[in-house]
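Read through the structure below, which is laid out as structure tokens, and then see the notes.
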Amino acid sequence: MVSWGRGKDAYYLYISREQEEDDDDSLSFYSSQKDTEDEFCGCLFPDPEIPGSSSSSGCSSSSTELYDLAAAHAALISRQQQILSQAIPIIPEHQLAAVAAHHQHHQQLHPSVQYQLVAAATHHNHHQPQAAQPHYSAVVPRSDVIQQPPHFALHHHLQNLVQQQQQQQAHHHHQQLVGEMALVSHTHPAAVGSTTCYEKNQQKQQQVQQIPTQPQVAHVSSNAILAAAQPFYPPPVQDSQPDRPIGYGAFGVVWSVTDPRSGKRVALKKMPNVFQNLASCKRVFREIKMLSSFRHDNVLSLLDILQPANPSFFQELYVLTELMQSDLHKIIVSPQALTPDHVKVFVYQILRGLKYLHTANILHRDIKPGNLLVNSNCILKICDFGLARTWDQRDRLNMTHEVVTQYYRAPELLMGARRYTGAVDIWSVGCIFAELLQRKILFQAAGPIEQLQMIIDLLGTPSQEAMKYACEGAKNHVLRAGLRAPDTQRLYKIASPDDKNHEAVDLLQKLLHFDPDKRISVEEALQHRYLEEGRLRFHSCMCSCCYTKPNMPSRLFAQDLDPRHESPFDPKWEKDMSRLSMFELREKMYQFVMDRPALYGVALCINPQSAAYKNFASSSVAQASELPPSPQAW
């Protein structure tokens, strides 16, 4: 059994011989994980599944403890060789022979697995094999690529190969005992006339790859909402934690459930009434297309999409994503102490994820603390792309201004602008920055007009040039109120109470510039001096793009610390989608879902026998009365 623990100096990998089945969840120290109580894990969040603890979208406001960034940074400098940023599934040495035999026929193996094979061969050339209790080979660190393929499927594939060879050997031994002349070939099992164990297992594996049109529940407890659509090997140990709702919004309901294929806790988002109208259909199609393309430390990625059993009943969508332990809103309102180091690391990660989105030609349009998921290691991920849309940076297209939660809405949106850019997301980051510094919402107004007035009270009356995208009614309202000077003293009080941190004041002013054309860009904000320490801490011990190899004197940093999206969305895609009817969009969405390969090669389905199924089926999105107020109709 493999698990991560954290000591005073580094992360450590625990290897137990009690269980040989690898769990990919325990090999990632920055993803959602169920933390056990041991002497190395003293700065973690409470378990998200225990009542009263924080979760990714729950309602609890209990105290949480964050990772000590300063201690981690100092520890990494002193003992960098002990840091393992990621590990691959470990193969017992007594099973490496099966992998080597398979390697003769399939030349393409993971480089780290080949490393183990070479190491094992070298070991056996110098030492005689001993019939002792099997031990595990050394852990090989990951490569320097951010987007790593999941190792879970590879490990289970190797387990299947090992089991196949064991079955062949047992069958061969049985044939010798009964005196039969036929021998089972390890390399050509099909040469045997009768059906061998190898062939039976091959047939079983082929059946697993075939996804039936009518899924049947398999390998699932009666309490689990998710079930595998077909049998698979090996059946994981069922998680005893109950499935439960953890949040809901205008476009979906999120539950914390167990993936029956891995035993890992994941977030299941239910999107009902997808085809209620054309706007809803476009919004859902945008969201799943975006989530499918994300591969970034600071952006929530899609794990799987449940395939509909029948296209005639394709009315709602079920999406699996990572499960995080809390969000930034719960941290801000909790009694947890936030140091300047925490603020710098959080703001840096928000901007880092936002750069990834903007370079993909995506506007999030709802950046707020509740949509910024955080785990106990202070890894932050941007989530909830229900209001996001693609955007042509060279052309200002007419878009709705009914976006962004009011407290974090940019002044151009409050003033009815129909043409806007990624500057609306930058304004939201500025509001969150101030909220982290003073532990309260910066502009907390009862309505949009009061919200605009609070902004003017702080920043002063804008010029005509700064209001060039606003509608005439909003301009007249601002001008009738008279001229107001900016409250510079209050800005300094928010960003620098001790009157020493002038860099924080400078960044806050640039993020909260009234004129969207003069507001700082995400690339410029990432290069601001205030965030230099946050960048250093993040890439010293938290990111997946930089790492430390054994016997290396220093940490290896990625060439691009703030990567761009690899394949930006073509602005024409949004225009082409606007020309389609709802029937055509439904067909495209169905084809997209069906063409996407299932995670681990095994499809999932909803289990109607689950004890929580009735509550899950009846769960609905937020009602109109629960939603924030609409923008002012100027």
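Even glycines carry a Cβ here, placed using N, Cα and C.
Neighbour list (D366 (active site, proton acceptor), Cβ cut-off 8 Å, at least 6 residues apart, same chain): D384, G386, L387, A388, V403, V404, T405. In the three-state DSSP reading, D366 (active site, proton acceptor) counts as coil. Taken from Swiss-Prot, the feature active site, proton acceptor applies to D366, supported by sequence analysis.
Marked as ATP binding site by Swiss-Prot on the basis of sequence analysis: I246, G247, Y248, G249, A250, F251, G252, V253, V254, K269. Secondary structure at I246 (ATP binding site), as computed by DSSP, is strand.
Residues or ranges marked as domain 'Protein kinase' in Swiss-Prot: 240-531.
All protein chains included, V254 (ATP binding site) registers 24 other Cβ atoms within 10 Å of its own Cβ. Taken residue by residue with DSSP, G252 (ATP binding site) is part of neither helix nor strand, so it is coil.
As a whole-number mean, the pLDDT of the domain 'Protein kinase' (240-531) in this prediction is 91.
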